[in-house]
Amino acid sequence: MNVAVVMGGYSDESVISLRSGQLILNNLDKSKYNIFEVHILLKDWSVVIEGEKYPINKADFSFTKNGVITKFDVAINTVHGTPGEDGHLQSYWELIDIPYTGCNFYQSALTFNKRDTLSVLTKFNIPKAKSIYLRKGDVIDGNEIKKALGLPFFVKPNQSGSSLGVSKVDALDQLEKALEFAFAEDNEILIESYLNGTEVSVGVLNYKGQTKVLGITEILSQNDFFDYEAKYLGKSEEITPARISKEEEILVAESAKKIYNSLGMSGFSRTDFIIMNGIPHFIEINTNPGLSPQSIFPQQAMFAKMDMPQMLDNEITLALSRKPIWKK
C-alpha cells in the first residue's frame, strides 16, 4: 500500500507541519506500507526521496520517477492551516477519489472558522466566552467592545491556527495594534471576553469505533497566554494529567467528547478549554493537531499508553472505509 505523508501548507504553520510529518514518517509500520514524504507548499508540490524532489501531478496526485508513475492509496494529512486544515485539500482529494485521514472537507472548513464553530456549538449548550465578530473595514468602537466584553479581552483572526495573530488587550490603547496584528492573518476577526481560569487541552480521536479521550493537559504559559512562542518555543509548561479535581476532569472529558461527536469529527483532534468556576468553557478545536515532539497530542498519547503506530494504522483503516460524498 502506497501511503503519502502530506505535510507543509501555505501559512506560517508550515514549519510546524513539517515537524509533525516527520513524527508520522518515524512511526508508520514500514513492513505494512510503502511510505512517501510529500511536501505541499505554496509554490511546490513534490515527493521527497533521499533529498531529491519529484513534482506531484495535481491531476491525480501522482508522481513520476525514472519513467514510472506512482499513485497513492491513502494520504495522511498533517498539513496545518491552509490548505490542509480548512477543507481545501480534503475537497481536492474527494474529487480525485484519494482516501485521506482526519475529518472531511465540511468539518475541516467549519472548525477552522472560529465564528461558525461557536455558532454551531451554541445549539449544544457548550459554555464559551462572549464574542464579537468583525470584518476588515467595519467601524470598530473600542468603548462599545469594552462595554460588551469588559477588560481584558482577546483579539483573534477568525481563521488561523497556532495562535498566530492573537493578542490580549489589557487597555484600549492596545486595541489598534492588536487589530493590525489579527487582520494581517485574516480579513475577519473575533474579539472574545477574558476567561480567568485553568487552561487545559484535550486530545480526542475515533479509535476502533469509539470516541476516546487521550488525556487532559494543563497549560501554564510564561507569556500572557498560550501564544505561538509558548506553544513551540518552550515558553510554557504542559502538565499531563492536569491538576484539576475529579469532577472537573469528568466534565472536561464529557465536553470534549460531546463537541467531537456533535461536530461530526473523525481522526485526531485537540480541544482547548478554560475551566472557570469549575465549568469548562470551550476555546477552540484543532482538527490537525501538532505532532512534533513538543506538541501536546503525542504527549497525551504516551500518557494514555496508546501506541502511535497502532493509532496510525487505525487512521488509515478509517480513511479507507470512508467513501467520498459523491460516491454515496
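Counting starts with 1 at the first residue shown.
Cβ coordinates come from backbone N, Cα and C, glycine included.
Note that the structure is a prediction, hence the values are computed from the model and not measured.
The ATP binding site annotation in Swiss-Prot covers 146-201. Residues annotated as Mg(2+) 1 binding site in Swiss-Prot: ASP272, GLU284. Marked as Mg(2+) 2 binding site by Swiss-Prot on the basis of sequence analysis: GLU284, ASN286. The domain 'ATP-grasp' annotation in Swiss-Prot covers 118-317 and is backed by sequence analysis.
Under the three-state DSSP scheme, GLN174 (ATP binding site) falls in the helix class. Within the set of binding-site residues (SER160, SER167, GLN174, ASN286), the lowest number of other Cβ atoms found within 10 Å of a Cβ is recorded at GLN174. ASN286 (Mg(2+) 2 binding site) sits 10 Å from SER160 (ATP binding site), counting Cα to Cα.
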